[in-house]
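Listed in Swiss-Prot for this protein:
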BINDING   27, 207, 237, 241  Zn(2+) binding site
MOTIF     29-39  motif ''HIGH' region'
MOTIF     269-273  motif ''KMSKS' region'
BINDING   272  ATP binding site
């Protein structure tokens with residue numbers, strides 16, 4: 001298994017800290033709004049990593065957090081007259097619904113930052129005791145990055161590069177010093193009583209503490225195998241996580257760092273400030289979650305994905321082929337490539353080379369269909385063909401529906417009954433040699449984007465886009 005390590009900037013063999021086990025921490029969302037396509041892409045990318053590792057024989061522990069203490073949450077909660085707990089719970093539920101629709105496997109653990117305040121306070125106390133952290137006059141606590149000789153080694157940033165995004169405070173020793181603890185500022189603020197005084201943790205300390213509490217291994221030079229997230233988190237978030245872990249515990253946070261690429265909308269980076277965020281829940285109104293997942297996984301995880309609906313519909317044809325084959329093998333069978341599972345898994349073991357994996361999949365679908373055409377009555381390989389399709393489901397998380405359910409997506413139960421009645425009416429017309437009426441019914445359904453196919457087992461139908 002090979003993965004691209006952001007820190008070393010090269011593809012390297014995956015060699016876990018404990019043989020045949022992999023522990024992964026993925027930065028989850030700050031829950032002040034619904035999930036957008038960038039959140040979905042990150043979740044799917046590292047869901048693919050998890051599935052690939054599991055099918056390669058690893059026991060995987062994957063933790064993905066919820067940041068439920070943050071300035072954005074506080075500001076929105078005040079605006080909507082809600083508590084931060086009430087607001088964050090709404091968006092945690094929304095995020096979970098969206099990821100379920102995208103067939104993302106549930107993490108081993110989903111810690112909330114608010115559940116690990118004691119661990120955060122303890123880590124900050126350790127940094128204060130080591131004289132690596134310092135207070136300013138308003139009570140806030142910062143980390144002195146000059147005490148970490150490796151600061152910037154992950155993201156290749158240094159003090160001459162724009163640190164303005166971190167926020168300038170006059171009493172900070174260096175521009176890149178970052179906040180560990182924000183003291184309580186008054187009625188419109190949120191604070192928790194602690195040995196540090198009333199206040200709340202900074203963003204970066206939250207993830208480091210949750211890594212330590214949920215995954216960290218003892219007596220190793222690294223706490224975990226893989227730390228992952230979107231490329232927008234590389235700096236300052238992941239850089240600062242790595243820094244404070246080295247400073248507090250004397251070890252590196254992760255042996256490997258993995259980052260997925262941005263999602264662009266019409267060739268512009270998707271962001272709330274540009275007003276072009278595309279929420280998952282809105283995309284799911286138009287497209288089934290499996291269709292959306294299939295599209296988002298179709299571009300290599302490290303590349304930028306430029307979202308457009310035309311490409312989404314093109315990618316849907318791949319799903320159509322999977323279900324068309326599944327539909328066929330449930331009735332009549334042919335031979336397949338016996339090395340298919342090995343070949344497609346090897347592609348994914350090469351830094352999640354999904355483009356190559358999808359090419360192997362396309363070849364399998366085409367060759368199997370050709371063999372079915374040549375020998376439609378051969379039933380000897382039914383189990384093997386269905387096992388290969390099951391393997392695709394487990395590896396890529398697509399192709400898990402019943403074919404009839406897939407091809408009839410977006411059709412209500414009342415519409416289905418109406419279509420079945422029309423098919424029965426057409427059947428009677430054909431029996432009575434009234435072919436004009438039969439053709440008229442077919443055309444009527446076609447105009448409603450319903451295609452009919454006559455098979456030896458009877459007429460079947462599907463909805464097309």
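Glycine too: its Cβ is placed from the backbone N, Cα and C atoms.
Feature map: annotations from Swiss-Prot on the structure.
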residue	record	Cβ neighbours (10 Å)
27	Zn(2+) binding site	22
207	Zn(2+) binding site	28
237	Zn(2+) binding site	19
241	Zn(2+) binding site	27
Checklist entry - To test your reading of the Zn(2+) site: which residues beyond 27, 207, 237, 241, same chain only, put their Cβ within 8 Å of the Cβ centroid of those residues? => result 203, 204, 206, 208, 227, 229, 233, 238, 240
Item to check | Long-range environment of the motif ''HIGH' region' (29-39) - Cβ separation under 8 angstroms, sequence gap at least 6 | outcome: 66-68, 70, 72-73, 76, 87-88, 91-92, 94-95, 98-99, 203, 230, 232, 262-263, 270, 272, 277-281, 283, 296, 307
Checklist entry - Do you know the mean pLDDT across the motif ''HIGH' region' (29-39)? => result 97
Item to check | In three-state DSSP terms, the structure that residue 27 (Zn(2+) binding site) belongs to | outcome: coil
